[in-house]
Structures are given as structure tokens and as C-alpha cells.
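> Sharing a structure, written as C-alpha cells. Questions coming.
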Amino acid sequence: MEVTLSQGEYRLLKLMAERGFREGTLEEASKILGVDKSSLASLSNLLAEKGVVEVEERVEEHYVLTERGRDALERGLPEEKLVLFLAGRGGEASVEEVRRALGEEAGIALGQAARKGLVVIAGGVVRLAVDQAEALKTITPLKKLLENVASGSKPTVGDELLREALSRGLIRREARRSIVLRLKVNPAEALARARVEAAVLTRDMLKSGEWRRLRFKPYNVKAEPPRVLPARRHFLAEFIERLRDILRELGFREVRGPLVELELFNFDVLFQAQDHPAREIHDSLWIKSPRRGDLSGYSDLVERVASVHERGWKYRWSPEVASRYILRSQTTAVSARILATRPNPPARFFTVGKVFRSDAVGPTRLPEFHQLDGIEGDEGYTFRDLLGRLDEIASMLGLKLKFKPAYFPFTEPSVEGYVKLPNGRWLELFGAGMFRPEVLEAVGVDYPVGAWGFGIERLAMAFYGVSDIRKLYTRNVDEVREMRVRWL
């Protein structure tokens, strides 16, 4: 029967014929033929498909020493140590002395020695029941078994000693897989009838004219090339970076702030009353230790904030409340810190970072998520300028935007921004407005400032067509690789 072989298959079959190989494991064949195991396995499977070679996978059970077994072989079995200890003490010792001498192994040693009739335990005293030589002779077979396992010898299955060694965790079973190659044809005859098929046309073939005598393997020019899967950033990180790029292009400078924040910047500077419900423990996450920070470095700011609160909210403002540490609940705290430095106009800043709320994990909410906050201010800056800027940002994201009047504690006038989804629904995305005079007075800024902020995950869910916010944090490599923007 004629068989078509590749050049690699032909060379392997020729090696088998020349070196007399008929049957053996993959490792043995690799040594005999001088072919690396990876290439040998690949070519053997191809020859098996053509009925030339049989490839058999064998699974054999082996026994190996555990760490406890190696320790017993090197330092002695627990019962062996007990026998030697008692022999050195005249044949007996108290149970307490044995425990001190053998430590954690005392219980195993006493149990095994008593079971094998090597010791007698009575009245808190342990005595040798046989002489030292007889006791060690009883223990020797088990040690011999461990030595055989260590050397690679296969113990007799069903042996009582084998069961004991397994139950005591001295040895363990291991399944070892091996591949056996077996020729199904006479290699010399197969070579004589073989038709060699070349896969590559080389320069030497053209030069020598050998190509005229060869049969070439046909190529499927419509076959798809192998899919290349290069590394990529997590899609949520890519989305956040896109938002950063847009704001940088518009002339905004990114700023950062601490995750553990003073209530002074998270609430008080923003004219949020100290008895506001958002400050309660069911909404904010307070720090246990240290509970409070030092406000001495913000004396001027504290004085202005106190004056604004006491005049506006009609209560006695407490620096103790303002000095409490919390996990920041809004990135507007970073904007407050920046404004407190009294930047010269025009001021254009944004921040992207994590905020924390006392929320349960669910399909639409997380206790930890990202917010983007932006501020822009200048002499003569107006609410209309703010809306125009927001519309510009939305258009750069490919979004259609509309506004509705709204209320926020630290901006007036204020709006909510809605973007149109592909299904025609409008999604509430952000809040925006002009900082109230009380906020600007507290930070010492004398020009108008507009502000906006939104949850990044909320927008990302719409962009990627994700209905469960937890999917944005998937670590499944396939999901990360396949995630694509569904909106644009």
C-alpha cells in the first residue's frame, strides 16, 4: 500500500529502519533516534493517522515518599525513636518524659508502638515489652519498604505494610503517564512504497532541479491565518484613559487627592451642613484609627469655613467633626483642595479616582467605584459657558446630551445631564452647576467656577453594553479580550 509522507515523517521512518527501532516509550525512542521528544511526538501522531505507527498512552501507578516519609527514613520512625529513647532510660519512662522528648511525634510513637506490642503503657509509665533488638527488628520491614519506594522499586500491591505506609501518610500514590510508540509496518517496505510530499520549496531545490521529482503539499489559499492575541489593557482602564485624553485635549490639567480624606474637604468646604444625612455612618465610611486629622495647617481655611457655615446654616460649626477622617465619598473633595490653593484664572482641572460609599455589592452598585470630577473658572465665566463645555465633552464621546434643572448642596444653578442610549432611552449621567458663593468664599476664590462630576462605571456600562456593573471588573481573560464598545 502506497503512503504519502512529509519530509519529516519520511526522515523519522528512515531513522527507525536504520536504528532498528520497533517499540518503546517516547523517552526511549528519543534517545535511540536522536530526535527531541516534542518533534517525535508530533511526527508520531501524524504517522499514526496514516497507519504506520501506533501511539498508546499508558497510565501506571507509582508510589513516592511524602515529606513525612522522607523524614522517617532519614531520622527514624516515631516508634523507632521511642524504642531508642526507652532503651537509653533503662527500658521505661513516664508518659510526660516521652512527650517532652518526642514532641509532636509522641502521640504517633506511643500509638504505633503499643499497637505493635513493643511497649506497655500503665499508670502513666511507658515500658518496653520486648528487648531493643526485637523491637527494632519489628520496625525494620516498614523502613525497608520506605527505602524501596525511595529507590524507585514498586512495592507489592495489597501488602499490609504498604497499606500501613499509605494510611500513615508516609507514601502516596501517583499516576504516571507514558506514551509508547509501536511500529505497525515493516519500515523498509514502507519506505520503498512511500511517496514523499514536500511542504516548502527551497532555493536548493530550485538550483538542483530536485523540485521536478517532488510532490508538493497543496495549500489552501483561503485558509485563515492563526489568530494573533497580543496583550491588551483591561477595557475599563482603556475607557478611563480615553476620558483623560479628551480632557487633556481641552486644556484641563489632571490633579490627584488622598483616598483617606478630612470631612473638611469632603463636606465642609462644599457647604454641606454637619448634620446632613450623607455624613451618617450608613452613608460614609469613617476611619477607625486615627479617627481625626490635624487642622492646624488650614487655619485660614477653617476660619472662613466656620464663618460661612455659622452664617448660612445658623448653627455652631464644629472643627471636631470637620477633622474626622473618612474614605472620600466624592472626588469633588479633590476639587475643593485645588480651589483652596487659590489658582490663578483661568482654572481648568480634572481628577479621576476611586470613591467609597456604604453600599452593598449588586448589579448596579458597588461600595467602591470611579468618579470623574472637573472644574473650570475664569473672570466672567458663566453658566452658559459650563453647559457649552459639557456639550463639547459629550460630542467628543459621540453622545447626544440634554439638561434638566436640578439641586445640589454646593452648586447653584445646577443641572443633571442625560445622554441618549441606542435604544432611545435617556440615561442620567452627571450633575453639574456653578459653585455657590459660600463655597467660593470658603476657599477664597473671587471668580466664578463651574463644576461637574459623574460615575465612570455608569457610562462604561452603556458604552460596553453591560447590564451588571460587576462585569466591568472581570478577570476572565477571554471576556477582557472580546469586550468591545457597543455604542459607537
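Cβ coordinates are placed from backbone N, Cα and C, and glycine is handled just like the others.
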> Swiss-Prot records Q371, L372, D373, F410, F435 as L-phenylalanine-binding residues. Which of T332, T341, T474 is assigned to the same site?
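Within the candidate list, Swiss-Prot flags T332.
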> Roughly how many Å lie between the Cα atoms of D373 (L-phenylalanine binding site) and E412 (Mg(2+) binding site), rounded to a whole value?
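Their Cα atoms are separated by 17 Å.
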> Could you state, as a whole number of Å, the largest distance between Cα atoms of any two of T332, Q371, L372, D373, F410, F435, the listed L-phenylalanine binders?
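Across T332, Q371, L372, D373, F410, F435, the widest Cα separation comes out at 18 Å.
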> Among the binding-site residues D373, E412, which residue has the fewest other Cβ atoms within 10 Å of its own Cβ?
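Among the binding-site residues D373, E412, the sparsest Cβ neighbourhood within 10 Å belongs to E412.
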> With DSSP assignments reduced to helix, strand and coil, which class does E412 (Mg(2+) binding site) get?
strand
> Among the binding-site residues listed here, T332, Q371, whose Cβ has the fewest other Cβ atoms inside 10 Å?
Q371
> Using CB atoms and a 10 A radius, I'd like the single residue among the binding-site residues F410, F435 with the highest neighbour count.
F435
> Round to the nearest Å and give the CA-to-CA distance linking Q371 (L-phenylalanine binding site) with E412 (Mg(2+) binding site).
21
> Distance between L372 (L-phenylalanine binding site) and E412 (Mg(2+) binding site) at the Cα atoms, whole Å?
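Answer for this pair: 20 Å between alpha carbons.
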